[in-house]
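Student: Submitted below is the structure of interest, expressed as structure tokens.
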């Protein structure tokens, strides 16, 4: 066997690097994945290192953008969840299936269409009777809540995900790591922002009784009234339901991470391992749209699975009756009272406007979050 020169050995070694760097374990050299030598491991895994403050800022901006666009649907959802507006906005969808010989699936589709039509009708009525600005009632406290809530959520999730991965799984992410990080983020966010959401709910339900006199001049007046009449603990009404509601956020993060992983795997199958800088603009936009859409789909599934807690939380945050007595005093008690007096179906009151708000809200929020992260990183 003739001896190779140093140059020949060097050339063979360089040609073998892409094969050795890939995960291929087979013997077919030509099918080995070509990985650029200057590609960092973080870029290969599509988990670039992002500073915590970037998550904080990007989450706040994303949450603000989504909240402003979808505020009218949030107003309708809150009113439909409250028993104060129960008679005024009673849906006709429940009567569609009565005495009907149509298949259940057809009835469900018709009911969904009815809810959609009624939601738009309620928005129209609010606009006619209360004015355009009323469609954005509660936006102030909503933004005051959304911006820190999303900042805290994205910051805590991103930070604890990296921390848990390094502490428990040698830096590798798994669904269990995502679960732990999402739970931590959900509980931290709920505790920090519950007073803001309570004020926002009270303001949106104001001017809802038999009298047309407003109880609160503004959010600040509402805050002072709650502290004066109910004490500081009154600001944490509905916190137990918020903790229960963190399950929705946990489920959304889990689904989003798994769908994002599938999108990345399909990208690798099609293009191979590529650094983000080497992809064309159209490829980047397409993957961004897919990831944003995944956030919306994840929110859709999570919302349907966990929606009843939203109704209970709204009832717990309502202003006490004129005699000072609270109808809804606790999580379990509220579930029992609502189901007994209004039926199981009422646990999904306001679901249609909720989905019409949260799904596009998630798409806008996560999409904006990714854009801001790329700009700041």
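Cβ atoms are placed via backbone N, Cα and C, with glycine included.
According to Swiss-Prot, the protein carries these features:
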- 50-163: repeat 'Solcar 1' (REPEAT)
- 53-73: transmembrane segment (TRANSMEM)
- 131-151: transmembrane segment (TRANSMEM)
- 173-262: repeat 'Solcar 2' (REPEAT)
- 179-199: transmembrane segment (TRANSMEM)
- 238-258: transmembrane segment (TRANSMEM)
- 286-375: repeat 'Solcar 3' (REPEAT)
- 286-306: transmembrane segment (TRANSMEM)
- 347-368: transmembrane segment (TRANSMEM)
Student: Using DSSP, how many residues of the repeat 'Solcar 3' (286-375) fall into helix, strand and coil, respectively?
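Tutor: Going through the repeat 'Solcar 3' (286-375) residue by residue, I get 73 helix, 0 strand, 17 coil.
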Student: Against the transmembrane segment (286-306), which of these stretches has the most C-beta pairs under 8 Å: 53-73, 131-151, 179-199, 238-258?
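Tutor: Stretch with maximum Cβ contacts: 238-258.
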Student: So what's near the transmembrane segment (131-151) in sequence-distant terms, Cβ-Cβ under 8 Å and 6+ beyond its ends?
Tutor: 56-57, 59-60, 62-64, 66-68, 71-72, 74-75, 78, 123, 189, 192-193, 196-197, 199-201, 203-204, 206, 218-219, 365
